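Taken verbatim from TrEMBL:
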- SER115, LYS116, SER117, ASP118, GLY167, GLN168, SER169, GLY170, ALA171, GLY172, LYS173, SER174, THR175: GTP binding site (BINDING)
- CYS248, CYS253, HIS255, CYS261: Zn(2+) binding site (BINDING)
- 66-224: domain 'CP-type G' (DOMAIN)
- 75-222: domain 'EngC GTPase' (DOMAIN)
Amino acid sequence: MPELVEGVVVSLIAGYYDVETPAGLVRTRAKGAFRKTKEKPQVGDRVKVKLDEQGLAYLVSILPRKNRIGRPAVANVSHVLLVISAVEPDFSVQLLDRFLTFFSWQGVQVTIYLSKSDLLGEEKLKEVKDQLAYYQQIGYPVYLDRAKLAEELPGKIGPEDIWTLAGQSGAGKSTLLNFIKEDAQQETGAISTSLNRGKHTTRKVTLFKLGEGFLADTPGFSSIDLTPIKLTDLASYFREFKALSSGCKFRGCQHLHEPKCAVKDALKKGKIAQFRYDDYLAMRTEIEEGRIPEYLK
Ligand SMILES: Nc1nc2c(ncn2[C@@H]2O[C@H](COP(=O)(O)OP(=O)(O)OP(=O)(O)O)[C@@H](O)[C@H]2O)c(=O)[nH]1
Ligand SMILES: [Zn+2]
């Protein structure tokens, strides 16, 4: 009786799929019949693997995919570590809001890391910190300290979780990834083999074990496209709006000119930041007109 096990595709190498299973890492080939179908297994896919009597392993099916994001693409991303720089490129809540909205739409949770805070003067840094405090308050974990992030990250990655990095070009994704990998390597010698393998496949993506799940071993991605978002859904991706929307008089309230709107009420009282609301309006226009800002391309 051939044995069927479930696992996660952690890398693609010359026609082979390496699958992490409860029994360890298994190098598999896609089954002939399955290869003919259009669907190709991707890194991050949960798959079923059949082990035959000769000890050969075949990837026989892909379980339903939750999402597929980034370049190179990773399937089933559960969390993004969003790197946003204090300078070069300059910190901007507009940029941050667009990333957060995109990931919310994709059903991905976000942890924010502010890079290059060392390059900012005290006064400017305080401004940025104040703005980030708002995001923390609405539920996004925020880190400014790289060492603290690297230390706490493994504990945040639960079983089945797949994390990847994202952020604007030059934000510091590679720098952070290298730091995290070094830190992880010092903690556990066990993952060093998969880390080394990753080094030779920089254009491809590899998942390495971190915490109880995985972190993608690539600098992640910098471009996102918001234009496919349905306009009437946009407000639901602003988490503090969503939390309040049950208090709006109208179901499906877009928080524009509707009477008795809980979101506009909170805005007036200063509970919702004006910059968030302004961004909501700006993004509505962008989606309506089908254009996205230059820095997101
Ligand atoms: N001072 C300082 N410099 C940093 C920090 N993080 C990154 N840098 C520098 O910022 C530059 C860009 O960093 P990368 O890590 O290459 O940025 P990236 O996000 O991977 O960029 P892309 O590959 O273009 O997407 C490099 O010169 C880094 O050395 C930081 O926390 N402080
Ligand atoms: Zn409303």
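The backbone N, Cα and C atoms fix where each Cβ goes, and this holds for glycine too.
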Composition by DSSP (helix, strand, coil) of residues within the domain 'EngC GTPase' (75-222): 69 helix, 31 strand, 48 coil
Inter-residue Cα distance where the pair is LYS173 (GTP binding site) and HIS255 (Zn(2+) binding site), in Å: 35
Chain-mates of CYS248, CYS253, HIS255, CYS261 with C-beta within 8 Å of site centroid, Zn(2+): ALA235, SER245, LYS249, PHE250, GLN254, LEU256, GLU258, LYS260, ALA262, VAL263, LYS264
Binding-site residues near ligand 1 among SER117, CYS248, CYS261 (Cβ under 6 Å): none
Spatial separation of CYS261 (Zn(2+) binding site) from SER117 (GTP binding site) - C-alpha basis, Å: 38
From binding-site residues CYS248, CYS253, CYS261, the one whose Cα lies nearest GLY167 (GTP binding site): CYS253
Assigned element (helix, strand, coil) containing CYS261 (Zn(2+) binding site), judged by DSSP: coil
Segment confidence, the domain 'EngC GTPase' (75-222), expressed as mean pLDDT: 88
Sequence-ordered binding-site residues from SER115, SER117, SER169, LYS173, THR175, CYS261 with Cβ under 6 Å of an atom of ligand 2: CYS261
DSSP-derived structure type at HIS255 (Zn(2+) binding site), helix or strand or else coil: coil
CYS253 (Zn(2+) binding site), number of other Cβ atoms within 10 Å: 21
Protein Cβ atoms within 10 Å of ALA171 (GTP binding site), excluding its own: 27
